[in-house]
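Features of the protein shown, as given by TrEMBL:
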DOMAIN    276-339  domain 'J'
TRANSMEM  6-24  transmembrane segment
TRANSMEM  31-47  transmembrane segment
TRANSMEM  79-99  transmembrane segment
TRANSMEM  106-124  transmembrane segment
TRANSMEM  144-161  transmembrane segment
TRANSMEM  182-202  transmembrane segment
TRANSMEM  208-232  transmembrane segment
Amino acid sequence: MGKRLIVAFGLWAIGGPLGLHHIYLGRDSHALLLMLTLGGFGMAWMWDFWKIPGLVSQINKQSKKAEKMKEGTPSASSFRFLVQVTTGIYFGLVAAIGLSSLTSYYVVALPLAVGLGVHLVATVGEQTSNLKNTLVAAFLTSPIFYGRAVSMIPISLAASITSQQHRQYRRQRKDENLSLRLYRIGLAYLAFTGPLSYSALINTSRTVSYVAGCIGSLLDWLSFFPSLSAIVERILLLPYRVWGLFTGGGFHDHYFKEWEKIYEFVSSFQNEKEEMACKILGVSSDATIDEISRHYRDLAKMWHPDHNRHRLREAEKHFIEIQTAYETLTHLWKMKNRG
């Protein structure tokens, strides 16, 4: 039976973030991915609006004739790889919130969660990958970064690279009963959200503290890339600021006050980073861009490695700190003086 465009758009409108339109089109992996990421953090849901006509047309063409399995290897996609890495990190963070109390968290729960997140993206569309090899890469990488808050980043990178190396076209499958498909998706959704919900509701303070610590480690790791760090900070603060526009302030309920601490932490991290950058360059927080540039040039000339061969390692360390501080302050200055 052919798929109707108006039905697909209707399901997109009423349940797009839950992937209802993808379930209707038989794209269960894509539907589950949207469910677990709140519609691809809203972006994938909006993007699907433009893709639905093409998807419906493609599904209807396939239903009219038996499609043979495509030969060869699918072309590599940098976008799919980026989504794999991001989703793997996201799954790892969720595992950290819900399963970090387990003694086997770093060697079992974390690599399993990251590997499954990476593989889920690999199975979207007409492609798939080798789950076994992807999980092996995640499990082999995990012990190397044992105990580190940002360990999900290298694990996700290793699993995504392995998944891309073993990409292949999906084999044709017979149409399955809708109830069976929904049952499978429901089990996967409960397995993902169950531990997270329990931890968030029962052990809220510990969960908030752990999430703040993970975010702090991530922002520390990104501190050498000020522009990227600033983008991540704005994304993290966006939900709180949007909520403030509608409510006129922060969270008023006592339960949500705990979660407000995360946004306060990110804001304080920005302030501490600005204070440290000012201290390194020797300028005040209200310095002009000319003063910042002048202090930067003087310090960069003083600590340039070419001028400090006798203390090369120390000079390289200071030179990197000076460059990072300059990028941080110039970026913040532009943000304050925008418009």
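Cβ coordinates are placed from backbone N, Cα and C, and glycine is handled just like the others.
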Examine the transmembrane segment (106-124) against the transmembrane segment (31-47) and state whether at least 3 Cβ pairs sit under 8 A, considering only residue pairs 6 or more apart.
yes
Who are the long-range neighbours of the transmembrane segment (31-47) in its own chain, taking Cβ under 8 Å and residues 6 or more past its ends?
12, 16-20, 22-23, 87, 90-91, 120-121, 124, 185, 188-189, 192-193
Let me check one thing: do the transmembrane segment (79-99) and the transmembrane segment (144-161) come into contact, meaning three or more Cβ pairs under 8 Å with sequence separation of at least 6?
yes
Go through the chain and flag residues at least 6 beyond the ends of the transmembrane segment (144-161) whose CB is under 8 A from any CB in it; none is fine as an answer.
81, 84-89, 91-93, 95-96, 106-107, 110-111, 114-115, 117-119, 134-135, 137-138, 213-214, 216-218, 221
Local confidence of the domain 'J' (276-339) - pLDDT mean:
83
